[in-house]
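K.L.:
My questions all concern the structure below.
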């Protein structure tokens, strides 16, 4: 909008010339606005122009410019001109200009006030440090005030200044969050280090100190940051350094744990070695030395490792080597036992042979020699055996052979059979009695179970005796005896197993009750945690008992019992840790609470307006010491009750310090008030007219006496009430002294009334100003309060007019002053309540948002949290609304905020618990899927061990990466995404290896087919070596091409196609070779037939040589034609046909030659020649039956 001034200039002819001055603006329509019309002198016109120039609009609501100082300078310059003593301006012009200046000043003061408020937000303007009490509400209020500024330039300037405040505020709000996050990361890392079981305490402490140093460095860098980016980078850098420290110390822990595990496994392995009953001491020592060396090598490799995977690989390699040593020792143990058993069997059998009656010594010696041979052969088989099963089979076969030798010689004498039967019966009875004694000694099975077992033994003996009576050979007798003895042993083993199971279950139940009792006695566990522990104990006990009941081998029972015991011990350890963590958390929470209460208490001390700085510092030092003592007592506490007692003792001590400080504050104020009252009263006495100086001095002396007495009473006061009472009584006494003196002079009474009225008016104005400064009251409420103040002043003034004594006047004045103060106090209380309730609502929304941002909470938990927030907010709001003392408002507000914070902390714990459970469940799920995938890999029959291991390593790597990602995640959705990604990744690995398995199988099949094909080629008897080599080279090339095609395949179908193509090509090569073989054979056979025919021609009598030569030339022609036909053949049947035709043609030549000279007799071809030719034809024809591919070619 343009400003236009219209100066009027008379022309002398009765007309007026209007001078227009305006600011053209191409972007706006320029229109005429008339501010003031009239005839002015030049000075009057110019001064108005200057005033108009202050504004940007015709309504005088927008100032020109951005700089408040410059604008103020312009206003002051104009004002100085119109107020100068010798100014030339007309009065109406000055009045008009002054009005414009006042408008400009009002608009400028509004902006300057906001500008000052913006500067007041800074603790240190140059360093850009905001005051602690600056909040978002402060900024929002300034924004609202700026919005009310109508001058664009000033509004822009103020908006920019406020943006800088917002930037600083945002950064100052961010820094504590970043430092808190960094501190949490550091504390989590420190706790993780403290929980490491395999790192020396000194090394733990060193790493903890490194983390603490990094934490302080990071926090310092955050504090020094000038931008959000700098602060975030500082936090991220420190977080990364803490991660590096954790990675280093975790690797040390992993190494130490792995080495300890290797040592333990080495000891277990050596115990296994020592437990092998058939190894010599030298063999045992050698094996144990190998284990020690393997373990030492493994530990060295672990020490050299730089990654957790290197550590795991070194450990696994060592475990494999140690297991191999144990397995080889077990094999040697089996060999030693086998040798002993065979030698014992040989001795036993030879003794049995020697004891046989009715057998010659020569026959016995021969049989024993055979036994010795069987022994030597068996020992050789044992020595060469590569597995326990092979060794056992060798022992069984050798014993059977020895029994057969004995049976063969013993069969000659029935007396020896009967003697052997009786001997075995006696042995069985002895074994039965021994077994019954064993059963009777068992402590846990019932007598009924023992009796049943003994009956089963008797039955086994009876059945074996009956079978022995039917036996006819020593081997049958031994077999029946061994079976009977075995049945007895089975009864004993079964009963011993049942006895051991009862004992094991009793031990498990006793152990579970001990663990249950220990956990129930843990004071820091919650009821839910104890219930969870009880359920876990029941489940573990049930599973352990089931494991015991399912055990079929008594030797395995201790191991299964130990598993159950270990699982129960693990539960005890787990809940001891939870108990310890809970106890430590309680300690930390209570110490934090003590710190917070100490800070609140010190703020209360600082808020006491009448304490000296020394008194405040002394009180705060006492609170710090009391808090430190309390925290030390908490740290030293060993039970929850000790902790609670220490906390309560500290709370009491701190409260006592605050109460004593409040008392001292009241005393200090009381002394000041009394001294002020004494001075005020003495001045009032001095001002009384018509009173002698002597009387005044006497009255002032009495005032001093009353003051001293009052100060003594204040000093001896034990409570604030005592102090207030002393003040009130002393002030009353002083008023009485003054009243007694002033009653003599009426004039002093009237003057006193006027003074008090003036004082009341001053108090009223002061009170109204205080009310106007209240930020949360509405304007309507402020006006109501001020009206009550005015009424109070009027009521008091009316009462003062009727007062007759100074004491009445003072009483009325004091009552009026108190009533004014009560209005202010009530308004301040109402203002504080509004602010507190707004803060509560803001806090509730903040907590609501925090809970909404917790990703691991269930919908039900979110609903419960929202309900709790609503209920807590309602209760806290009512508590504030019911508050009657303003000093109680902050405390009630803090109570509500603390309750809301407690809700947030509670649901943060639930969120963490849900998230931790989600993580553990997800990692277990990943582990199970990884194991399933590795089983699939192991089931692929055509992968090499290295390929399987690589695939399983890839799966483990993928699984570990995913588990690490889960550990780092704080969002269930992210965890689900990790699981989905891992599933796909692992499935891809499995599918890739299935394809690789298919490829390996296909390539193996191609290699086998190639070898089979080349064997077929080599088996073709009529191919030359070059032809065979050429065919085999083709097969090798075809196979190589096929394998290359398989390697390039991306689907099983591609693999199958490549394999089929190769199989077809190889088969074609073999078929072509078979065809060539048949051609070679046919040509050899045809050539032989031609030679035979020509010999037959030569043998014909009565035929001229010329005729014979001519006939043989025809034979050669037939032969060559046959060669050509054979070479051009594509199928076996063609070759056969061409050969047959050639033979027929040759035979025809022979017959034709024979016919020319009559029958065969005269030609010299007798009957003896005919079979020869026929035989040749028959033999030649039979050669074609040798080709097993004839059918294929015929079909083709």
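Backbone N, Cα and C define each Cβ position, glycine as well.
Below are the features I grabbed from TrEMBL:
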{"type": "DOMAIN", "residues": "179-248", "note": "domain 'DUF1542'"}
{"type": "COMPBIAS", "residues": "197-236", "note": "compositional bias 'Basic and acidic residues'"}
{"type": "REGION", "residues": "197-367", "note": "region 'Disordered'"}
{"type": "COMPBIAS", "residues": "251-274", "note": "compositional bias 'Basic and acidic residues'"}
{"type": "DOMAIN", "residues": "255-324", "note": "domain 'DUF1542'"}
{"type": "COMPBIAS", "residues": "281-302", "note": "compositional bias 'Basic and acidic residues'"}
{"type": "COMPBIAS", "residues": "309-326", "note": "compositional bias 'Basic and acidic residues'"}
{"type": "COMPBIAS", "residues": "334-353", "note": "compositional bias 'Basic and acidic residues'"}
{"type": "DOMAIN", "residues": "334-408", "note": "domain 'DUF1542'"}
{"type": "COILED", "residues": "418-459", "note": "coiled coil"}
{"type": "DOMAIN", "residues": "425-495", "note": "domain 'DUF1542'"}
{"type": "DOMAIN", "residues": "501-555", "note": "domain 'DUF1542'"}
{"type": "DOMAIN", "residues": "587-656", "note": "domain 'DUF1542'"}
{"type": "REGION", "residues": "601-676", "note": "region 'Disordered'"}
{"type": "COMPBIAS", "residues": "613-634", "note": "compositional bias 'Basic and acidic residues'"}
{"type": "COMPBIAS", "residues": "666-676", "note": "compositional bias 'Basic and acidic residues'"}
{"type": "DOMAIN", "residues": "666-739", "note": "domain 'DUF1542'"}
{"type": "COILED", "residues": "720-784", "note": "coiled coil"}
{"type": "DOMAIN", "residues": "753-826", "note": "domain 'DUF1542'"}
{"type": "DOMAIN", "residues": "833-906", "note": "domain 'DUF1542'"}
{"type": "REGION", "residues": "852-1087", "note": "region 'Disordered'"}
{"type": "COMPBIAS", "residues": "915-938", "note": "compositional bias 'Basic and acidic residues'"}
{"type": "DOMAIN", "residues": "918-990", "note": "domain 'DUF1542'"}
{"type": "COMPBIAS", "residues": "945-1018", "note": "compositional bias 'Basic and acidic residues'"}
{"type": "DOMAIN", "residues": "998-1068", "note": "domain 'DUF1542'"}
{"type": "COMPBIAS", "residues": "1025-1046", "note": "compositional bias 'Basic and acidic residues'"}
{"type": "COMPBIAS", "residues": "1053-1070", "note": "compositional bias 'Basic and acidic residues'"}
{"type": "COMPBIAS", "residues": "1078-1087", "note": "compositional bias 'Basic and acidic residues'"}
{"type": "DOMAIN", "residues": "1078-1149", "note": "domain 'DUF1542'"}
K.L.:
How about long-range neighbours of the compositional bias 'Basic and acidic residues' (281-302): same chain, 6 or more residues beyond its ends, C-beta under 8 Å?
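P.N.:
Tertiary neighbours of the compositional bias 'Basic and acidic residues' (281-302) are 255, 258-259, 262-263, 265-266, 269-270, 273-274, 311, 314-315, 317-318, 321-322, 325-326, 328-329, 332, 336.
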K.L.:
Would you kindly check 197-236, 309-326, 334-353, 613-634 and say which stretch has the most C-beta pairs under 8 angstroms to the compositional bias 'Basic and acidic residues' (251-274)?
P.N.:
309-326
K.L.:
Go through the chain and flag residues at least 6 beyond the ends of the compositional bias 'Basic and acidic residues' (197-236) whose CB is under 8 A from any CB in it; none is fine as an answer.
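P.N.:
For the compositional bias 'Basic and acidic residues' (197-236), the far contacts come to 170-171, 174-175, 178-179, 181-183, 186, 189-190, 242, 245, 248-249, 252-257, 260.
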K.L.:
Within the domain 'DUF1542' (334-408) only, compute the mean pLDDT.
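P.N.:
Reported value for the domain 'DUF1542' (334-408) is a mean pLDDT of 90.
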K.L.:
For the compositional bias 'Basic and acidic residues' (334-353), what does DSSP give as the number of helix, strand and coil residues?
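P.N.:
The compositional bias 'Basic and acidic residues' (334-353) comes out at 20 helix, 0 strand, 0 coil.
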K.L.:
Please list, for the domain 'DUF1542' (1078-1149), how many residues fall into helix, strand and coil according to DSSP.
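P.N.:
Breakdown, helix to coil: 63 helix, 0 strand, 9 coil.
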K.L.:
Work out, from DSSP, the number of helix, strand and coil residues along the compositional bias 'Basic and acidic residues' (613-634).
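P.N.:
Split into helix, strand and coil, the compositional bias 'Basic and acidic residues' (613-634) gives 22 helix, 0 strand, 0 coil.
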